[in-house]
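Copied from Swiss-Prot, the annotated features are:
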- C238-C240: disulfide bond (DISULFID)
- C271-C274: disulfide bond (DISULFID)
Amino acid sequence: MKDKLVKAIAKDGQVRIIGAITTELVNEGVRLHNCAPTAAAALGRMLTAGALMGTTLKSEKDTLTLQIHGGGIAKGVVITSYADGHVKGYIGNPTADIEPNSKGKLDVSGIIGKNGNLLVIRDMGLKEPYIGQVPIYTGEIGEDLAYYYTVSEQTPSAVGLGVLVDKDLSIKSAGGFIIQMMPGADEMLADLISYRLEEIPSITEMISKGMTIEEILEYIFEDMDLKILESIVPEYRCDCSREKVERALASIGQKDLKEIYDEGKEEELKCHFCNKAYVFSHDEVGDILENYYSEK
């Protein structure tokens, strides 16, 4: 099933929905970072959440950064997403892996930890970015995001995120949804949706059966006048470049850069998001020193 993200409404706009299949996207992120199974599930859930949330941005220049740091062996997960549905991200410890939880599922909460915060940073080109922050609720990520929306944005929400890791460590299925009740929505409608969400199979199970994201949402919102508003293809895409990495190297400061130059060695930097290595020769480090720090 090809990746697809859709925006929709139900019950005459009382409910706002963003849903997506993200199997290929998550596969690419997990491949780039060579993740162990539990780390793959954690990174995949965050990538899916980022793709969903990024599409709420108003401008193509805006960015949304999602961070969760709970003190666990995952050492945090960071995602950056954009309005067109493309995302990039990394997990601090890609080898993080522990025994399944009591339900026999990959223990994402166990590697994330619960002693920390979930941050949502929206950079809309203003002087300061908007930063929303809540304590980690469960460490399972979906429930933490629902808690964030309810507490920080006063929008009652249900967030479902799923990643099914196959025996060969590839991603068999991945996807998710954000369902939000709009101001003035019928409380009984919210109760009905909550009941349905408890009764349906997991999103990874539905994707594995070959259901499209539209069919999954039609199944959840049967008899609720679901209307698909738009669809896009989400993807994992890193926009790193030699120029950006050069600026990052220059930003460490003249003193530290001079120390690197004086060692007479080449300097290698890796992109956090895609692991691509950029090598700067001794002469190139000297050029950076001259270009950024020589007195004009």
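Every residue gets a Cβ built from N, Cα and C, even glycine.
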Integer Cα-Cα distance in angstrom, C240 (disulfide bond) to C271 (disulfide bond):
7
Using a 10 Å radius around its CB, how many other CB atoms surround C238 (disulfide bond)?
20
Can you give me the Cα-Cα distance between C238 (disulfide bond) and C274 (disulfide bond) in Å, rounded to a whole number?
6
What does DSSP say about C240 (disulfide bond): helix, strand or coil?
coil
Among all the protein chains here, how many other CB atoms are within 10 A of the CB of C274 (disulfide bond)?
17
